[in-house]
């Protein structure tokens, strides 16, 4: 049997028992061996996991968040806010790493809660994760087109078939570019885990290169100008330690994404060794990049003069380097594309895990024999995410994501 504490049928307590019954740690392995068509391809190594983790974690938020948090909370101590948030995220990441290595299933937090708590809470967590990834992915896709338009010359420079259009009478603004990007990513995910991870590695590398440019070029400008952002009468902590901690609570959301690595646990060649190293390495890289970028930017411009919308671009522009905006925009676009892939990747695997446990129809647990990925579930989640990205704006999607987090 795959469960402990199962009901023996009948009786007034049978319904409650079914909600609290827990799954054995080794049940996923026995089920996979009995049904070979449910097995996923074991293709991922540590480098693949790092690419997934870094790509899913570093979004375009870092290109905007540093300005808002520095102005309102941390001031020049922004790098310490990122460090504290990184330590807090590491504690959560260590839990994911231990559970993922001991229970290498595609279900991520759903699978862990089924083992530790019971079926009822696992059902709720599974659907909460699916909603979070679907809506979050749609919001990310919706944010790509404005950044992409800047590379073509301005906010309204995209070709007409990609540009946003208002629908008369309905009061909505459709975004064909966002929907097309979701379809492209869905196609990549259907091609196979190794192929999609390879593409994500390339996109993530481009994003990291853009951040390294910010660090090196910004460091050169900082040494040249004397780091004017740090020479302030208010000191390094203008808002006090409380402000620094408040900034840490805000930038903590910049680290969300490493859980995507846990959703691929079943596809890792050596999960007991690779998963902890992959999650830990990805989080360490993200923390280091966040701290270096924030330390450079708050040193170039006094925190109270930073532009909350385009802090990095405006910091370079204040030193006469206007063309840096294009490099930063490329970094933001690649960050969003990589985050989109990280958002769409876990959804079909969580659906597959729930279907294996009998909580969803077997349709969701079917794995393609050639690509060894749940193609049907991937296409279905891609269609839903593309629809949301096409017809809902970012504020509506972000509000739905916040509601899920609060829940």
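Here the Cβ of each residue, glycine as well, is placed from N, Cα and C on the backbone.
Feature annotations, reproduced from TrEMBL:
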- 46-66: transmembrane segment (TRANSMEM)
- 78-97: transmembrane segment (TRANSMEM)
- 109-130: transmembrane segment (TRANSMEM)
- 167-190: transmembrane segment (TRANSMEM)
- 202-223: transmembrane segment (TRANSMEM)
- 235-258: transmembrane segment (TRANSMEM)
- 279-303: transmembrane segment (TRANSMEM)
- 323-345: transmembrane segment (TRANSMEM)
Among 46-66, 167-190, 202-223, 279-303, 323-345, point out the range having the most Cβ pairs under 8 angstroms from the transmembrane segment (235-258).
-> 46-66
Per the Cβ under 8 Å criterion, with at least 6 residues separating them from its ends, the transmembrane segment (279-303) contacts 46, 49-50, 52-54, 57-58, 62, 66-67, 70-71, 74-76, 78-79, 81-83, 86, 89-90, 93-94, 96-97, 100, 208, 211, 214-215, 218-219, 221-222, 225, 227-230, 232, 238, 251, 254-255, 258, 261-262, 311-312, 314-316, 318-319
What parts of the chain pack near the transmembrane segment (202-223), using Cβ distances under 8 Å and only residues at least 6 beyond its ends?
-> 51, 54-55, 58, 62, 289, 292-293, 296-297, 299-300, 312, 315-316, 319, 321, 324, 327-328, 330-332, 334-335, 337-338, 341
